[in-house]
């Protein structure tokens with residue numbers, strides 16, 4: 001720590017060092033020279049000396065006032081019963097006074113006095129002795145006054161005792177005299193006592209009277225007594241304030257009391273009167289009950305039998321009298337005076353006085369059974385809360401919902417637990433639960449059935465042509481574009497037995513159809529073209545067959561074409577885990593030609609051989625079960641479904657349940673369009689009579705009761721609808737913030753109408769795959785059947801393009817579409833529809849901007865024109881320099897500025913462009929910082945159409 005000398009301190013104070021040294025000597029700080037060190041204590045002593053010499057002294061506060069204010073809120077019901085918040089403000093003010101005793105003050109003053117010289121010291125000593133003498137005299141006076149006061153108090157006590165003794169003696173004498181003369185002498189004795197008392201008291205008190213003290217001592221005693229009284233009053237007020245503050249704190253911190261009404265005790269019957277309804281007579285010595293509870297007034301017409309039973313009877317007379325005087329009515333709920341309502345009986349049953357307290361109801365915990373889907377309103381009703389509370393809680397959980405929105409079971413159960421209730425998975429009253437037991441027939445014997453074979457492979461590999469040769473028909477020629485777009489089901493009678501074939505599409509769009517075909521089949525024939533080998537849909541067919549765990553027979557087709565490489569096909573199939581039997585695998589390879597018929601018999605033999613190994617059996621004399629292969633809406637026949645019977649026998653007139661649809665079989669056709677009365681296992685047929693178009697891939701079964709079928713179908717449709725809505729809403733909410741972040745996204749709304757369910761499903765899936773981050777395909781509606789006016793109206797509202805796949809619009813729909821400029825597109829080949837939609841989406845993409853360099857120029861000189869500004873005299877080194885083109889200014893191969901060329905001049909003429917090898921003057925727009933040697937790159941921005 002730095003040491004401060006006297007000279008340095010004087011420099012800080014801007015005073016001469018000699019004057020500071022003299023002041024230090026006066027303050028009692030012994031410093032010989034200006035080089036001596038000063039401590040903090042020396043500076044404090046100097047400061048105290050200067051303050052006392054200037055008369056300021058220590059500026060200590062003798063009185064401190066503290067003010068404290070606290071605000072609290074209490075809730076209290078007003079006259080109308082509503083809770084009101086009242087603000088309570090508590091203010092506390094305390095004053096602290098510092099009291100110094102006179103002797104201590106004198107000692108401090110004496111100690112703090114500086115030593116100046118001997119004469120002054122002598123004078124101060126004399127003053128101190130005088131002060132001490134004065135204090136001694138004051139103490140003696142106070143002691144003398146205290147002794148006089150004590151003597152006076154002693155004399156008063158003795159006089160009081162003497163008076164009490166005299167009074168006691170007089171009372172004793174009066175009692176003795178009263179025994180002989182009871183009336184008259186008593187007055188005389190009393191008078192004697194009164195007369196004797198004044199004589200006795202002065203006799204006793206006279207000797208105790210002390211001599212009067214001096215006036216000075218009396219004044220000092222009065223001052224001391226007054227100070228003591230003030231101190232006592234101050235202490236009393238302080239204690240009262242502290243008690244009040246502590247009481248308020250205790251009241252605010254105390255827990256709120258819940259008033260619980262006591263259950264009234266039933267009066268116990270008196271002993272000896274049990275079993276009787278008569279009022280017992282009061283005993284003669286017993287006091288009256290009315291006297292114990294307060295005598296009843298003559299005006300009271302009813303007496304209170306028991307205070308515990310009722311307290312209202314006692315008030316009846318008072319209420320009636322108040323009503324007669326115009327006061328409160330007896331039926332006004334106990335309210336009288338200004339609290340009673342003015343007008344008639346209306347409002348007389350409102351709440352009582354604000355002092356009425358209702359105990360809060362205890363929270364009720366409910367057991368909520370949550371189904372698979374439930375609306376917000378229904379869930380709120382089950383928990384006995386308002387729907388708004390449920391919506392608030394869902395918002396806290398991050399779900400934006402409406403009152404009619406469907407919630408899935410998991411979300412609803414989490415919400416119920418969050419709101420303090422118990423959630424249970426509801427046991428649904430599901431009609432499907434016992435459906436299998438109703439339909440199952442166990443006492444019917446199993447019989448052999450024909451195998452169901454699915455033909456799969458890549459597009460144009462000859463699947464349908466292979467079936468054509470087997471069926472000796474020309475089915476492939478009838479398909480649009482020569483490709484299969486429907487799943488076909490045929491059964492063929494061969495010399496070796498019956499076989500049912502399912503022909504699936506090979507186009508990539510029909511993945512779901514191929515999966516359904518693999519699900520319904522017993523065997524899979526994988527057709528591979530010898531010239532193409534394994535293709536993407538070939539690999540997919542292999543995966544479907546393995547997923548369905550069905551045997552695979554490979555038919556290598558088109559072996560009659562020149563240039564085929566069978567070994568390459570084998571190696572590619574082995575790479576896909578399809579190993580031929582020749583190499584130790586389990587898949588027979590057959591070389592066939594659908595054109596010449598080569599290998600067809602061998603292929604059928606392999607199919608029947610595999611079927612014998614599988615030992616395929618099914619019940620015949622039982623209700624039919626099977627699979628919906630394809631479904632469509634026919635204009636004349638209504639909903640039509642192609643079904644494959646897997647077990648039992650389907651007859652005309654049976655009640656069929658297929659997914660969420662049902663109906664009675666009105667007509668049944670085979671694959672050739674001929675009517676049929678029944679169909680056994682492994683037979684595909686076309687049925688009519690369903691209420692709606694079923695979903696392809698749904699299972700169907702025959703029920704004995706149409707009412708039960710309708711009930712199950714209705715339940716399934718409602719359940720599917722609720723689940724679909726909940727999933728749609730969840731998808732919307734999840735994608736909402738993503739869509740907001742992406743900005744504006746182009747959408748292409750479409751309405752798809754197809755001839756069959758499978759084609760509509762495949763077309764919709766293919767078009768949805770075309771969606772990109774900038775252009776999205778939105779399928780507004782997709783259904784089976786012709787294009788109707790309702791479809792056109794939906795397209796008008798949603799600004800959608802209508803796509804008809806193998807269907808057409810009726811006359812009314814065409815007229816409405818022409819009048820409202822609705823785009824109608826018809827297709828019969830699926831990849832034509834996909835290509836056109838893809839080109840339409842390409843046109844909706846924003847064009848891509850690319851820079852094209854058109855020329856360069858070198859700045860040779862820089863000159864300033866008065867009206868134009870800074871002009872760059874340049875030489876065009878390559879390409880052309882064009883007016884209004886964009887440029888980049890390079891200085892030492894570093895881009896300095898990028899902008900636009902304002903004008904180009906050649907020989908004082910304003911020109912549009914200057915070619916290579918010519919000099920020109922270039923004026924740059926809004927830029928003048930150019931130097932000799934800079935390079936200009938001139939370019940144009942061109943828009944290039946983008947493709948998907």
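For all residues, glycine too, the Cβ spot is worked out from N, Cα and C.
Keep in mind that this is a model prediction, so the values were computed, not measured.
Among the ranges 491-494, 495-498, 499-502, 503-506, the one that Swiss-Prot lists as region 'G3' is 503-506. Looking at 545-548, 549-552, 553-556, 557-560, the stretch flagged in Swiss-Prot as region 'G4' turns out to be 557-560. Range annotated as region 'G2' by Swiss-Prot, chosen from 472-476, 477-481, 482-486, 507-511: 482-486. The region 'G1' annotation in Swiss-Prot falls on one of the ranges 441-448, 449-456, 457-464, namely 457-464. The DSSP secondary structure for residue 457 (GTP binding site) is strand. In this structure, residue 559 (GTP binding site) belongs to neither helix nor strand by DSSP; it is coil. All protein chains included, residue 457 (GTP binding site) registers 29 other Cβ atoms within 10 Å of its own Cβ.
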